[in-house]
There are 2 protein chains.
Amino acid sequence: MTSHHQTVSGHIIAIGGAEDKTSDLAILRRVFELAPKDSDEVVIIATASSIPEQLLPCYEAVFARLGASQIHALDIQDRRQAADAENVQLIQRSGVIFFTGGDQLRLTNVLGGSAALRAIRKRLKAGAVVAGTSAGAAAMPSTMIYNGAAADALRKGAVNMSFGLDFIRGMVIDSHFLERGRFTRLMEVGASNPEQLGVGIGEDAAVIIHPNRILETIGTGHVIIIDSRDLASSNIAELSIGEPVAVENMILHAMVSGHGYDIDARRYLSADELSDLLSERTT
Amino acid sequence: MTSHHQTVSGHIIAIGGAEDKTSDLAILRRVFELAPKDSDEVVIIATASSIPEQLLPCYEAVFARLGASQIHALDIQDRRQAADAENVQLIQRSGVIFFTGGDQLRLTNVLGGSAALRAIRKRLKAGAVVAGTSAGAAAMPSTMIYNGAAADALRKGAVNMSFGLDFIRGMVIDSHFLERGRFTRLMEVGASNPEQLGVGIGEDAAVIIHPNRILETIGTGHVIIIDSRDLASSNIAELSIGEPVAVENMILHAMVSGHGYDIDARRYLSADELSDLLSERTT
């Protein structure tokens with residue numbers, strides 16, 4: 001499960017939605033700065049969105065302002081386009097691959113098993129940044145949440161999940177987390193399998209997943225961690241669909257910009273510990 | 001702080017709001033059943049509400065259906081009425097004191113320091129049930145939350161708190177908890193003082209606080225416990241108002257009907273453990 005550690009050299013950035021696109025660009029600037037030396041070209045994938053024509057100009061303007069030499073808004077609305085050789089080629093030459101928000105099920109339905117997705121995974125291994133906001137963040141793990149009303153999520157079966165884009169393993173990612181009060185969604189997931197870390201990202205907040213599987217929080221919002229590994233008990237397996245789920249002993253953290261988390265050690269990192277761990281890596 | 005244990009013989013029931021009032025009445029039936037032997041009269045206090053005339057007939061019908069011999073809808077809209085001798089007398093003869101929902105700050109503002117409130121506390125000590133829903137539950141502890149948008153609550157100062165009605169100590173109670181995604185409110189409170197237990201009650205769910213300070217969950221919804229006593233770190237004291245609060249290591253439980261919690265031992269109780277503990281008390 002942690003083979004990611006050995007084989008990936010690029011950074012993943014999962015953004016909770018509503019990131020600043022017009023002011024300081026703190027999060028998107030960091031996305032661009034993590035581009036590898038071999039390419040500062042950016043591809044933007046708005047496949048998740050039903051209104052790509054409204055989102056794309058905004059992101060194109062952001063990455064132009066940040067200094068990208070070329071910006072490619074990929075036209076991938078269906079599976080035929082996800083197999084298109086020209087789209088694959090644009091991915092192969094780019095250092096930043098950015099997924100907009102929308103519906104994560106559109107992302108996986110259109111990109112799953114495609115040449116475009118294989119090319120993105122290859123670029124991530126080779127050092128490119130893969131970033132996504134909202135649905136684009138939620139789709140990143142091997143298993144994703146795609147639906148489930150927060151108000152009623154702690155009932156068996158209320159959270160809809162499926163296979164994600166498989167850029168990262170061992171976690172589930174939820175977005176707009178504090179703003180939409182989605183704690184119950186990650187609690188249901190944690191009860192269903194305590195091995196998986198719950199990462200809830202607030203608006204204008206993001207986690208950088210470093211190649212050594214250290215999370216770094218950036219932005220003005222919060223990143224919530226729900227760690228179920230020490231779950232003491234839950235009734236989930238005995239319930240019928242719709243019945244309320246009990247959980248005993250999940251661990252909760254709230255991280256702010258500069259704080260971090262070690263995914264595999266399940267350890268909260270203060271700003272000092274995080275910078276030590278990240279500088280170790282580069283020395 | 002735990003002197004409550006020695007001195008109170010009545011039960012407190014805190015309800016998360018929207019409890020069933022027309023079907024099985026599971027929660028309100030339990031409220032009535034816990035009335036002491038010396039009185040099955042009920043007082044209903046709608047002071048929190050701006051529309052008491054709309055709430056009172058409904059609760060009067062419920063308690064009539066449950067078999068109360070007399071039901072007194074107290075007319076306490078201002079401090080003069082909270083000092084009224086007739087209202088005090090109706091409290092003194094009742095076995096169940098029920099607070100409707102509304103605005104908890106109206107409850108404390110009108111009742112704080114009043115003869116009516118002193119009479120209620122005395123009845124609780126002597127064995128009466130004190131129950132409340134929504135605002136009527138939130139106002140019960142020595143310190144209460146009365147405002148704070150959940151979406152933005154994990155920022156210093158975002159949760160407004162004040163003195164409550166002081167029926168129970170050592171905890172803060174929040175209502176409509178899962179439905180309004182209020183986890184962040186209890187996290188901010190826990191960061192500000194980890195000694196205090198966070199009790200978040202969902203709709204059509206309630207906790208019975210037994211005289212031995214054991215919580216029992218009833219109803220169809222959830223009761224969430226946020227236990228901050230092992231908080232490892234938080235930046236809250238260093239922040240300016242409005243800045244995001246970090247917290248490391250809070251413990252999270254979700255209880256369903258039949259499950260319990262030992263307030264002072266900070267221990268989750270399975271259905272078996274709970275019934276053992278509650279039967280010990282009566283033997």
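The backbone N, Cα and C atoms fix where each Cβ goes, glycine too.
Under the heading active site, charge relay system, TrEMBL lists B:S134 (among others). Neighbour count (other Cβ atoms within 10 Å of the Cβ, all protein chains): 25 for B:S134 (active site, charge relay system).
All protein chains shown were included, and the count of other CB atoms within 10 Å of the CB of B:H176 (active site, charge relay system) stands at 22. Taken from TrEMBL, the feature active site, charge relay system applies to B:H176 (among others).
Annotated active site, charge relay system per TrEMBL: B:E203 (among others), in sequence order. Counting only same-chain residues at least 6 apart in sequence, those with a Cβ under 8 Å from the Cβ of B:E203 (active site, charge relay system) are B:G16, B:G17, B:A18, B:E19, B:H176, B:L178, B:E179, B:G221.
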